[in-house]
Amino acid sequence: MMMMMSRSGANRVANTAMFVAKGLSGEVGGLRALYGGGVRSESTLALSEKEKIEKKVGLSSAGGNKEEKVIVSYWGIQPSKITKKDGTEWKWNCFSPWGTYKADLSIDLEKHMPPTTFLDKMAFWTVKVLRYPTDVFFQRRYGCRAMMLETVAAVPGMVAGMLLHCKSLRRFEHSGGWFKALLEEAENERMHLMTFMEVAKPKWYERALVITVQGVFFNAYFLGYLLSPKFAHRMFGYLEEEAIHSYTEFLKELDKGNIENVPAPAIAIDYWQLPPGSTLRDVVMVVRADEAHHRDVNHFASDIHYQGRELREAAAPIGYH
């Protein structure tokens with residue numbers, strides 16, 4: 001009899017515990033849905049912060065400002081509000097005001113590295129061969145041509161920087177700043193692409209071509225850099241020489257009136273600190289100057305390897321625009 005009573009008592013306690021647990025899980029689930037966090041968000045968020053969040057969520061659900069995106073994070077990370085020098089709000093989240101600059105248009109555009117060694121000649125003719133299908137496909141559609149060029153040109157800096165980063169970690173040594181310089185180059189090329197996306201609206205088959213070309217080129221350049229960094233940097237230097245030529249032809253078409261000289265995209269005006277009222281021609285000018293700087297950096301990097309030295313032994317041209 002006593003054993004039966006103890007069992008029934010234990011069952012009642014267990015049922016009560018299950019009921020309480022269910023109630024608590026419901027409350028926790030409600031808090032999780034409201035605050036976007038977990039159990040810990042209840043214990044770490046201050047009451048005032050919770051009230052602010054509740055107001056924001058309430059306004060959003062009530063059809064307040066539909067453009068305002070309310071992102072609630074348990075980690076307490078809030079994007080900082082950035083303003084320009086004139087006090088207006090900075091609207092780009094892909095780059096910051098301190099990452100902008102004025103392009104050096106005085107750079108020598110005619111510089112050329114004559115191919116003398118076998119590797120130089122192989123790099124030179126590889127670029128020439130790659131240019132032929134581009135000429136056939138895009139012809140004089142220089143906006144789309146620039147878009148394709150930049151999807152390829154943004155790869156070498158990322159590949160080289162990634163491999164140098166891994167090498168630095170393996171050998172427990174500094175990279176001489178080259179890791180940062182090459183990633184800056186890749187980021188700069190990516191901004192070229194973001195700019196020309198505003199000018200040339202790619203068709204579906206051009207987007208498909210970009211995916212194919214980028215996939216092939218990334219892996220080919222990765223393998224090429226592993227085998228011979230001097231060849232990889234030299235090839236990209238020649239590719240940038242071709243880019244300068246392409247943008248020069250782009251400017252000629254703009255001057256002839258064959259391509260409409262539309263207003264410069266807002267992203268280009270902020271990134272290159274262009275004056276208000278700038279046009280597409282101004283954008284092409286600064287992009288061409290960027291390509292000339294990348295040409296110099298990569299030929300310089302190849303020369304360092306040709307001298308039997310490593311990149312870290314020479315100071316990297318960080319911020320060289």
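Glycine residues also receive a Cβ, built from the backbone N, Cα and C atoms like all the rest.
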Looking at the Fe cation 2 binding annotation from Swiss-Prot, with GLU240, GLU291, HIS294 already listed, which candidate in GLU173, GLU187, GLU189, GLU198 is the matching residue?
GLU189
Taking GLU150, GLU242, GLU249 as the options, which does Swiss-Prot list with GLU189, HIS192, GLU291 at the Fe cation 1 site?
GLU150
Return the count of C-beta atoms lying within 10 angstroms of the C-beta of HIS192 (Fe cation 1 binding site), excluding that atom itself.
25
Fe cation 1 site, defined by GLU150, GLU189, HIS192, GLU291: further same-chain residues with Cβ within 8 Å of the Cβ centre:
ALA146, LEU149, ALA153, ALA154, ASN188, ARG190, MET191, LEU193, ALA243, VAL287, ASP290, HIS294
Using Cβ atoms only, which residues of the same chain lie under 8 Å from GLU189 (Fe cation 1 binding site) while being at least 6 residues apart in sequence?
GLU150, ALA153, ALA154, GLY157, HIS294
Sorted by sequence, non-GLU189, GLU240, GLU291, HIS294 residues with Cβ within 8 Å of centre, Fe cation 2:
ALA153, GLU185, ASN188, PHE236, LEU239, ALA243, ASP290, ALA292, HIS293, ARG295
Enumerate same-chain residues with a sequence separation of six or more from GLU291 (Fe cation 1 binding site) and a Cβ-Cβ distance below 8 A; give 'none' if the list is empty.
ALA153, GLU240, ALA243, ILE244, TYR247
A 10 Å Cβ contact count, applied to the binding-site residues GLU150, GLU240: which residue has the minimum?
GLU150
